[in-house]
Amino acid sequence: MITQKAAEFTHLTVLLGEAVEGLALTGERTGGTYVDGTFGRGGHSKKILENLGPSGRLLAFDKDTQAIASAQEIKDPRFTIVHESFATMSQELQDRGLMQVDGILMDLGISSPQVDDAGRGFSFRADGPLDMRMDTTRGISAAEWLATEDELKIREVIKDYGEERFAFQIAKAIVARRQVEPISGTRQLAEIVAHAVKTREKGKDPATRTFQAIRIFINKELEDLEIGLAGAYERLAPHGRMAVISFHSLEDRIVKQFFASKVNVPQPDRRLPIRTKDLPQPQMKLITKIKPSDAEVAANPRARSAILRVAERLPSKDDGGGA
């Protein structure tokens, strides 16, 4: 694990060694092309560059302008940073003439500098403007959304993206408060939620699920993840590896189901006269599933919910590798 500095905020890269090892950067593969779908503060990117050979290449993506600024510190001709979501990966790679890459890493969720910077509006622990946008140059803030959205939609977002059982009460309280005054601060929203939630989860602030839900919705995180996984698979070369780190059940469910859809290919009725070699073949194989060690969680409690899943694309008949 390494520590990355961003202004006064510190970020500990989760599953650093394990994720990069999952890309199998050895032998001839060190001269390949790789993608870091979420640059953050560059922990994974720097580790990949350490393992790349002279002819290797790394493209990194991030929506966050602060992450893009941090990436400018990397003075390496093998490295390129792209100010876009990994949802645009397939097209961005194609535009650069890169139809296939050898490995793709995606570290989902939110970084420590984003959480710890009260001015970003992601955290209920310190007061700040209610923004929550990963990319502050695009879209509407959480405050703008809460000021205009109807109660039913707010309830659905909190329930679906936060898995919050008090979504009805919270949405009702938000709409009632905005009729009195604008909801513009993180602490203000946290207090509204705290008054609406009647029971407490041990060790968890009552605003946790609501803040997660609004952040996911505002940034289209789950939609981007589904598009990004499909785009990553599209650009992955045969034997290329995809390593994805998720931090909550909604993300992990999407990743798990995507990999499963490529591993467990539906088979036709066995009574049909189809030759074995013509049967649909698995498109990927699962390599590993890893959780942080006790030591890593002790050093970085935010790592406790992380899950790394790694899968490898299998050759197909279309690329000359099938039966």
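In case you wondered, yes, glycine gets a Cβ from its N, Cα and C as well.
TrEMBL: automatically predicted annotations, no manual curation.
Counting only same-chain residues at least 6 apart in sequence, those with a Cβ under 8 Å from the Cβ of Q114 (S-adenosyl-L-methionine binding site) are D64, Q66, R120, F122, M134. The S-adenosyl-L-methionine binding site annotation in TrEMBL covers G42, G43, H44, D62, F86, D107, Q114.
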For D62 (S-adenosyl-L-methionine binding site), nearby residues of its own chain (Cβ under 8 Å, 6 or more apart in sequence): T38, F39, G40, I68, A71, I81, V82, H83
